[in-house]
Amino acid sequence: MNSKGSRDFCIKNIKLADFGRREIELAEDEMTALMALRKAAQGEKPLAGAKIVGCTHVTAQTAVLFETLVVLGAQCRWAACNIYSTQDEVAAALAEQAFPVFAWKGESEDDFWWCIDRCVNVEGWEPNMILDDGGDMTHWIYKKYPHLFKKVNGIVEESITGIHRLHHLSKAGKLCVPAINVNDSVTKQKFDNLYCCRESILDSLKKTADIMFGGKQVVVCGYGEVGKGCSAALKAMGSVVYVTEIDPICALQACMDGFRLTKLGDVVRQVDMVITCTGMLRNIINKQKLFASSVYFLKALALIELFNAPEGRYKQDVYLLPKKLDEYVASLHLHTFDAHLTELTDEQAKYMGLSKNGPFKPSYYR
């Protein structure tokens with residue numbers, strides 16, 4: 001029970017709430033876009049009436065997203081998408097504010113599904129939006145409570161694994177609500193997947209394996225944006241990096257960047273580490289990701305877009321976030337670097353066939 005008498009949560013230790021609140025406040029300083037969204041709302045509630053059920057990592061950064069959604073008018077219930085990634089102090093801080101969160105570090109598999117079920121199976125409360133990271137919440141609702149999709153406006157999915165699962169549903173004709181693919185938005189691919197993974201891969205391996213990188217032989221499976229970031233970081237630390245890839249374009253990029261392209265079976269017995277960056281089955285080592293502010297802002301925008309979209313705008317399919325919103329996310333982060341955009345003149349805009357306010361890239365740009 002928290003200090004307000006609420007019991008609608010399940011965490012490890014409510015006494016950690018003060019520590020967790022300090023971590024959330026520190027995260028707010030780094031998450032300029034979400035804080036700008038709160039300020040821009042100025043009392044408006046674009047998510048008023050939204051009942052969002054979420055399954056993501058429960059960290060200080062995601063807590064800023066949760067609380068932003070509440071400021072924007074949403075009701076939320078949350079579970080963790082990973083049994084190891086929950087920051088217990090952050091979960092306690094959310095619970096102390098009567099936020100229905102069901103997560104703790106070191107959950108068993110049964111605990112994991114119980115937490116997800118507690119978010120959905122609540123008397124008098126039915127979700128109308130889903131925010132997912134990996135597709136487990138969507139899977140659980142399809143499996144146990146398919147009738148709830150009659151009231152669901154849409155799904156926002158962040159991970160490549162979850163996107164694979166949504167596309168499988170769509171191809172099978174079983175996707176009964178629209179979904180927005182946040183993973184393939186430009187700001188997610190170019191910034192979170194590349195730059196954040198470039199740093200978080202080293203931090204994660206140091207914490208989990210306590211190893212020295214110099215001279216280690218590493219094979220990185222996949223040379224997309226995540227693979228590029230991981231490979232560059234390991235190479236910079238003195239590791240010998242091999243890359244495996246199925247796409248000839250990405251394979252050529254790896255070769256041009258100075259990496260040895262090989263097959264996993266040819267080197268797996270001689271390397272010290274195998275890192276998978278593919279979102280495929282049978283991963284040998286999972287990486288922890290440190291998410292950027294832009295990704296959480298993308299999730300919030302995607303939820304607002306789906307929840308407020310007029311009937312008929314989105315069919316029962318998987319969509320990308322409109323490019324205009326993608327560029328808006330990037331622009332909100334520029335002031336952090338004291339960066340100033342050049343503005344097109346009317347003549348230049350007319351010549352290029354663009355609006356002066358964007359979007360500046362076609363919808364297919366990645």
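Placed from the backbone N, Cα and C atoms, the Cβ positions cover glycine too.
Just so you know, TrEMBL annotations never went through curation; they're auto-generated.
Substrate binding, as stated in TrEMBL, involves THR59, GLU158, LYS188, ASP192; the candidate among ASP18, ASP29, ASP88, ASP133 given for that site is ASP133.
Per TrEMBL, the candidate among GLU157, GLU245 that belongs to the NAD(+) site alongside GLY224, GLU225, VAL226, GLY227, LYS228, GLY229 is GLU245. Counting in whole angstrom, GLU158 (substrate binding site) lies 19 from LYS228 (NAD(+) binding site) by their C-alpha atoms.
For the pair ASP133 (substrate binding site) and GLY224 (NAD(+) binding site), the C-alpha distance works out to 19 angstrom. It is 22 Å from the Cα atom of GLY229 (NAD(+) binding site) to that of THR59 (substrate binding site). All protein chains shown were included, and the count of other CB atoms within 10 Å of the CB of GLU225 (NAD(+) binding site) stands at 22. Listed in chain order, the extra residues whose Cβ falls within 8 Å of the Cβ center of the NAD(+) site residues GLY224, GLU225, VAL226, GLY227, LYS228, GLY229, GLU245 are ASN193, LEU194, CYS197, VAL220, GLY222, TYR223, CYS230, SER231, CYS250, CYS277.
Between the C-alpha atoms of LYS228 (NAD(+) binding site) and ASP192 (substrate binding site), the distance comes to 12 Å.
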